[in-house]
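Peer 1: I'd like to ask some things about the structure below.
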Amino acid sequence: MSAIVDIIGREIIDSRGNPTVECDVLLESGVMGRASVPSGASTGSREAIELRDGDKNRYFGKGVLKACENINTEISEAIMGLDANEQAFLDRTLIDLDGTDNKARLGANATLAVSMAVAKAAAEESGLPLYRYFGGSGAMQMPVPMMNVINGGAHANNNLDLQEFMIIPVGAPSFREAIRYGAEVFHTLKKIINDKGLPTSVGDEGGFAPSVENHEAAIKMILQAIEQAGYEPGTQIALGLDCAASEFYKDGKYHLAGEGMSLSSADFTNLLGTWCDKYPIISIEDGMAENDWDGWATLTNALGKKVQLVGDDLFVTNTKILREGIQKNVANSILIKINQIGTLTETFAAIEMAKRAGYTAVISHRSGETEDSTIADIAVGTNSLQIKTGSMSRSDRMAKYNQLLRIEEDLGDIASYPGRNAFYNLK
């Protein structure tokens, strides 16, 4: 019997030194599942609510004791004795118990920690690796990593408005080799930055955060690193951007302070299109602000056939919003962040909806992470084909990459690395 007999919520510390929630779930058999939740810096306004204590005298208001208390009291009472194998029923119980549209009462950080811990306990008891528990025998596709090697925006203290500049090893023959490609480019880029007399300190997600002349200078620096590392830009390693455009969208304009520009949606689309013509960029995340749906339509019409356009702040892993985007033909991909919605069942529903509509689903970390590697198992278990989990530094990022390396080893000969085929939305 997989009955839940004990639940413990506790406050731990994330990769930015801020409190976050960890949960242990104990089953009648003696098996335990443990999970901890991430936290974002640039967040969509329609994300599920992360419950913080608000006590300015403790962690500057960022404590999560209330969320932990909710786990240890109300949530515990509601799910004690339930079967851990009934994930959908358990998650529905959490959703109904909270009673709000955005987990504002109990906190998405509380519900997600419980949802994940239950799944991990159930997988452990069944004797299955977590990815296999999620995906059954069909889970065999490794994800293409999108590695954030230069940080800007809310993730760094430099003059870059765009938040992430990523390398994507589309030409690698396996996930293991994709990691090697990325690591070698990362170390080459570090030397290039150092040789320019710029600091090689890293941002929240493990990428470098140099102050360079402008955004194109950052792109050219990455291309130089790719070539010096012995790879061919475009064919072996492509580029991706996360604009996080909501962060610099004000009064109907996109204000690129580092460029000295203030652009309309159409002009910003043209700028992005110019970059895509000049450089091997195959993915742009949040290229328009979350509330600028007309701008998203313009961007999708202009670039949607040749560039993956990922909605993060736009869709916030929410099926209601994603459905609207699909109906309006806005974007062609969704970023999946488990803490944006607050349960595994709702996360899997968003992935499934995207796939059925021909959209890709990119599994993603947050800028504030822990050693929890559940998203690696989600990526393989759901055959999502793409993952975004940082650069080639910081152990909170390596935890996910290393788990994926273990999964690929476990899969053996049936492991498949899709490479450029991961971008099936561009065919």
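The backbone N, Cα and C atoms fix where each Cβ goes, glycine too.
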Peer 1: Report the candidate from D242, D251, D267, D294 that shares the Mg(2+) site with E285, D312, as recorded in Swiss-Prot.
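Peer 2: According to Swiss-Prot, the candidate sharing the Mg(2+) site with E285, D312 is D242.
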Peer 1: Looking at (2R)-2-phosphoglycerate binding as recorded in Swiss-Prot, which candidate out of Q163, Q224, Q228 goes with K337, R366, S367, K388?
Peer 2: Q163
Peer 1: Rounded to a whole angstrom, what is the largest C-alpha distance between any two of the residues Q163, K337, R366, S367, K388 that the record assigns to (2R)-2-phosphoglycerate?
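Peer 2: Taking every pair of listed residues, the largest Cα separation comes to 17 Å.
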Peer 1: Name the one residue among E205, D242, D312 whose Cα is closest in three-dimensional space to that of R366 ((2R)-2-phosphoglycerate binding site); these are the recorded positions.
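Peer 2: Nearest in space to R366 ((2R)-2-phosphoglycerate binding site), counting only the recorded positions, is E205.
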Peer 1: Quick one: of E205, D242, which of the recorded positions has the smallest count of other CB atoms within 10 A?
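Peer 2: Checked E205, D242; of these recorded positions, fewest Cβ neighbours within 10 Å: D242.
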Peer 1: I need the CA-to-CA distance for K337 ((2R)-2-phosphoglycerate binding site) versus E285 (Mg(2+) binding site), whole Å please.
Peer 2: 13
Peer 1: Tell me which of the recorded positions E205, D242, E285, D312 ends up closest to S367 ((2R)-2-phosphoglycerate binding site) in space, Cα to Cα.
Peer 2: E205
